[in-house]
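Enquirer: Dumping what TrEMBL says about this protein:
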| type | residues | note |
| --- | --- | --- |
| ACT_SITE | B:His143 | active site, proton acceptor |
| BINDING | B:Asp136, B:Glu212, B:Glu214, B:Asp246 | Ca(2+) binding site |
| BINDING | B:Tyr138, B:Arg152, B:Gln253, B:Tyr257, B:Thr365 | substrate binding site |
| BINDING | B:Asp246, B:Lys266, B:Thr270 | Mg(2+) binding site |
| DOMAIN | B:19-128 | domain 'Fumarylacetoacetase N-terminal' |
| DOMAIN | B:136-428 | domain 'Fumarylacetoacetase-like C-terminal' |
There are 2 protein chains.
Amino acid sequence: MASPRSWFSIPKGSPFSIANFPFGIISTKESPNLRTAVAIGDHALDLAAFAANNGFSAISTIQPHQAVFSESTLNSFAALGRPIHSVVRKYLHSVFADDTPYPDVLKNNAQLQQEALIPLKDVTTHLPMKIGDYTDFYAGKNHAYNCGVIFRGPVNALQPNYDHLPVGYHGRASSVVVSGTPIRRPNGQILENPAAEKKVPIFSPSRKLDMELELGAFVCKSNPLGSPVPIAEAEESLFGLVLMNDWSARDIQAWEYVPLGPFNSKNFGTTISPWVVLADALEPFMVKGLQSGVELLPYMQEKRKENVYNIKLKVDLTKTAKSGTRTTITRTSASNLLFSFPQMIAHHTIGGCPFNVGDLLGSGTISGTDPTSRGALLEQSENGKVSIKLDGGEERTFLEDGDTITITGLCGEDEEGLVGFGECSGTVEPAIKLDF
Amino acid sequence: MASPRSWFSIPKGSPFSIANFPFGIISTKESPNLRTAVAIGDHALDLAAFAANNGFSAISTIQPHQAVFSESTLNSFAALGRPIHSVVRKYLHSVFADDTPYPDVLKNNAQLQQEALIPLKDVTTHLPMKIGDYTDFYAGKNHAYNCGVIFRGPVNALQPNYDHLPVGYHGRASSVVVSGTPIRRPNGQILENPAAEKKVPIFSPSRKLDMELELGAFVCKSNPLGSPVPIAEAEESLFGLVLMNDWSARDIQAWEYVPLGPFNSKNFGTTISPWVVLADALEPFMVKGLQSGVELLPYMQEKRKENVYNIKLKVDLTKTAKSGTRTTITRTSASNLLFSFPQMIAHHTIGGCPFNVGDLLGSGTISGTDPTSRGALLEQSENGKVSIKLDGGEERTFLEDGDTITITGLCGEDEEGLVGFGECSGTVEPAIKLDF
Ligand SMILES: [Ca+2]
Ligand SMILES: [Ca+2]
Ligand SMILES: [Mg+2]
Ligand SMILES: [Mg+2]
Ligand code: NI
């Protein structure tokens with residue numbers, strides 16, 4: 001990706017520089033059919049329109065596959081494999097570069113610019129992939145330790161298995177939604193007094209609604225039942241990344257999760273950002289992750305040492321109630337992970353579990369070590385004991401109705417080469433009232 | 001369903017009497033495209049062929065929907081809803097009844113019989129539904145207690161939550177396969193000596209490969225995110241039932257499952273029987289289930305007391321190695337459940353989790369109270385301590401390579417009115433050898 005400059009006007013600080021080209025699914029008022037786009041600056045390039053107007057005429061590799069850009073999910077594009085994703089992204093980069101070798105494609109083609117470059121504010125984004133299965137890992141070791149202390153005390157905070165394998169659970173694919181979808185506070189069973197000897201649950205809206213700051217990774221390769229994905233090939237399965245908020249009801253979770261894991265505390269909504277940042281685009285930002293206390297078994301040993309991403313993550317809480325004030329409550333780096341996505345894939349499939357294109361992996365909540373870098377309110381508030389002060393005077397331990405959580409993530413120091421995700425955002429709606 | 005007799009020859013003891021009409025997806029050597037069929041005696045009635053030859057001409061309700069029978073899954077048929085399933089089943093019953101009011105449709109139509117009635121031995125059955133999400137519950141209280149004793153001792157065998165809610169976990173939809181699919185023994189992390197103070201796992205094929213005797217239920221109604229399915233309407237979401245073997249690797253499970261639940265110990269294969277027995281066909285066999293020690297919260301209280309099925313379940317283990325001898329290792333009733341499928345649906349959705357048509361629910365392992373009625377080898381062998389004697393002289397604690405597990409399930413006393421599932425069967429293949 002030679003040139004960092006574009007003939008196209010890209011606002012300063014945009015996460016969608018010409019070093020990025022994340023893929024998403026869009027529709028517009030004028031054209032309600034779902035189709036593929038890439039984000040560039042504050043515009044979306046409609047790839048269905050771009051393809052229909054010979055945008056890809058200079059690149060023979062993609063020509064037999066152009067129909068994928070008219071589909072309503074990215075699955076077929078993802079299934080083409082990483083070498084093709086790379087070719088398409090590099091081509092789009094060269095089309096937008098100042099010194100583009102293809103000026104007639106778009107730079108000097110006012111009509112196609114008019115047709116295919118749509119302001120992001122006029123675009124509706126949709127769930128980018130049809131998700132077959134969704135697995136949420138727990139590889140944020142700082143978070144796992146902090147939560148373990150809260151739920152099980154410091155002695156058993158991390159189980160003996162924690163460093164040896166990426167702990168995870170199967171999530172609910174049907175509950176994954178795109179940024180902007182309102183999240184209803186769930187009703188469910190909770191204990192009013194968890195310390196009481198007699199455990200009798202009440203039915204209530206969750207009183208401990210929380211967010212979880214995570215990365216999501218989409219899979220672009222399938223493997224059949226009984227055939228593990230070797231660690232050396234697992235990177236080839238990585239389509240791209242999104243930001244993820246794994247909303248969690250801590251009181252429902254505490255009551256339900258032993259012995260089979262979290263269930264209704266997690267399946268009422270998981271929000272992802274709409275633009276899938278290709279694994280290739282994130283390659284320059286790979287760094288070492290958290291260090292393991294043990295030697296991993298060979299099936300999870302990676303050749304590369306720098307296997308996680310130095311994405312600067314930020315969580316904002318916006319009070320819509322009165323002031324609408326936005327407070328940054330978390331700043332951390334996505335490098336705070338004990339396992340990489342390729343390690344997760346190698347472990348997940350080692351017994352023969354099949355993957356399909358479009359499957360989603362969550363990293364687990366990402367927290368740093370200091371209090372302002374914690375990726376969940378459970379940790380920040382020490383399960384409700386400590387208040388988090390918001391700009392404008394209010395406080396929170398957990399989320400209130402009307403609160404909006406917005407996650408952003410950005411790589412790179414130089415605004416000309418920024419690679420970011422845009423926003424992963426959701427607003428809490430009041431629980432529905434149920435009469436019995 | 002007045003007449004129990006058919007003009008069509010149905011072998012004695014067939015699970016597919018004219019009181020049944022289970023739905024499945026078939027193909028044949030002559031006609032490899034997947035399509036819908038019902039099982040009747042030792043034949044499949046090809047509903048695509050039946051529809052194409054005016055088989056449904058006497059029943060106006062189904063005519064606008066006949067295309068569903070040419071699809072490769074039952075999802076579209078299921079989505080038509082229980083009233084339509086009921087009409088179709090009753091119509092097929094009347095077509096096959098001795099005193100059919102529609103003799104020209106099939107009874108006197110030798111050509112259509114020739115074309116649409118295919119011997120089951122010439123039919124390949126496929127996964128009947130496209131499964132969006134799969135959830136496995138744990139409602140077999142006898143099993144949960146026995147396993148709890150083994151993993152956590154008798155004091156904590158059942159958690160305080162157990163009687164208050166149907167404990168469950170999200171399973172891996174991609175790993176659900178149809179009866180007959182070979183199951184590879186998974187490799188994974190296990191502890192050679194779980195009692196040792198220092199916990200260091202080794203990489204090994206599972207040494208404790210187990211089966212789990214379960215019922216599966218397919219969902220035929222969707223609900224949007226944030227909108228629970230009320231218990232009074234949950235029966236309308238129940239398309240039909242299958243037998244299920246939730247293969248489990250107990251040594252992998254013991255090491256991995258705390259705190260987020262079973263993962264690789266369960267996602268290497270779950271086998272279901274190919275014929276979906278409609279909820280309507282099982283209605284006459286409903287009985288009371290296991291009694292709860294607590295009063296349920298209103299959102300799970302059902303009007304009907306008889307909410308589970310008296311299906312006679314049987315598990316056979318066949319040694320293919322030498323003799324091929326088949327030993328019945330378990331006999332029990334599917335009524336050994338603490339929660340009904342409608343209760344599971346009401347609980348699963350109470351926080352707003354969305355369902356899609358084709359989602360699968362597992363009941364949890366079904367065990368009776370006496371040793372010969374236990375639905376998993378973990379319980380039968382007391383985690384490897386007690387040997388199970390097989391006919392022909394061998395013994396088992398867990399499954400060996402080459403073993404075949406076959407589950408059958410049958411309702412009704414009278415062979416003329418039998419409602420059964422056929423077989424849910426799978427053979428264990430050796431673990432693949434991996435070089436590092
Ligand atoms: Ca999570
Ligand atoms: Ca199970
Ligand atoms: Mg979630
Ligand atoms: Mg399974
Ligand atoms: Ni009848």
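Each Cβ is built from the backbone N, Cα and C atoms, and glycine gets one as well.
Heads up, TrEMBL stuff is auto-annotated, nobody curated it.
What's the neighbourhood like for each of these?
Expert: When other Cβ atoms within 10 Å of the Cβ of B:His143 (active site, proton acceptor) are tallied across all protein chains shown, the result is 27.
Sequence-distant neighbours of B:Glu214 (Ca(2+) binding site) (same chain, six or more apart, CB under 8 Å from its CB) are B:Asp136, B:Gly140, B:Leu243, B:Met244, B:Asn245, B:Asp246, B:Gly362, B:Ser363, B:Gly364, B:Thr365, B:Ile366, B:Gly375, listed in sequence order. Under the three-state DSSP scheme, B:Glu214 (Ca(2+) binding site) falls in the strand class.
The number of other CB atoms found within 10 A of the CB of B:Tyr257 (substrate binding site), across every protein chain shown, is 23.
Mapped onto three states, the DSSP output places B:Asp246 (Ca(2+) binding site) in coil.
Across the domain 'Fumarylacetoacetase N-terminal' (B:19-128), DSSP assigns 47 helix, 24 strand, 39 coil.
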Enquirer: Can you check how the pLDDT averages out over the domain 'Fumarylacetoacetase-like C-terminal' (B:136-428)?
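Expert: Residues in the domain 'Fumarylacetoacetase-like C-terminal' (B:136-428) carry a mean pLDDT of 96 in this prediction.
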Enquirer: Looking at the binding-site residues B:Glu212, B:Lys266, B:Thr270, which has the shortest Cα distance to B:Gln253 (substrate binding site)?
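Expert: Going through B:Glu212, B:Lys266, B:Thr270 one by one, the closest to B:Gln253 (substrate binding site) is B:Lys266.
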Enquirer: Go through the recorded positions B:Tyr138, B:His143, B:Asp246, B:Tyr257, B:Thr365 one by one and keep only those whose Cβ is less than 8 Å from a Cβ of chain A; report them in sequence order, or 'none'.
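Expert: Answer, by Cβ distance to chain A: B:Tyr138, B:Tyr257.
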Enquirer: Roughly how wide, in whole Å, is the group B:Tyr138, B:Arg152, B:Gln253, B:Tyr257, B:Thr365 that binds substrate, by largest Cα to Cα distance?
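Expert: Result: 18 Å between the two most distant Cα atoms.
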Enquirer: Among the binding-site residues listed here (B:Tyr138, B:Arg152, B:Glu212), which has the Cα closest to the Cα of B:Thr270 (Mg(2+) binding site)?
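Expert: Comparing Cα positions, the closest of these binding-site residues turns out to be B:Glu212.
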Enquirer: Show, in sequence order, which residues other than B:Asp136, B:Glu212, B:Glu214, B:Asp246 on the same chain lie with their Cβ within 8 Å of the centre of the Cβ atoms of the Ca(2+) site.
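Expert: Once B:Asp136, B:Glu212, B:Glu214, B:Asp246 are set aside, the remaining close residues are B:Leu213, B:Met244, B:Asn245, B:Ser248, B:Lys266, B:Thr270, B:Gly362, B:Ser363, B:Gly364, B:Thr365.
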Enquirer: Which residue, of the binding-site residues B:Arg152, B:Lys266, has its CB surrounded by the fewest other CB atoms within 10 A?
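Expert: So among B:Arg152, B:Lys266, the binding-site residues given, the one with the fewest Cβ atoms within 10 Å is B:Arg152.
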Enquirer: Can you tell me how far the Cα of B:Tyr138 (substrate binding site) sits from the Cα of B:Lys266 (Mg(2+) binding site), in Å?
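Expert: It is 13 Å, counting Cα to Cα.
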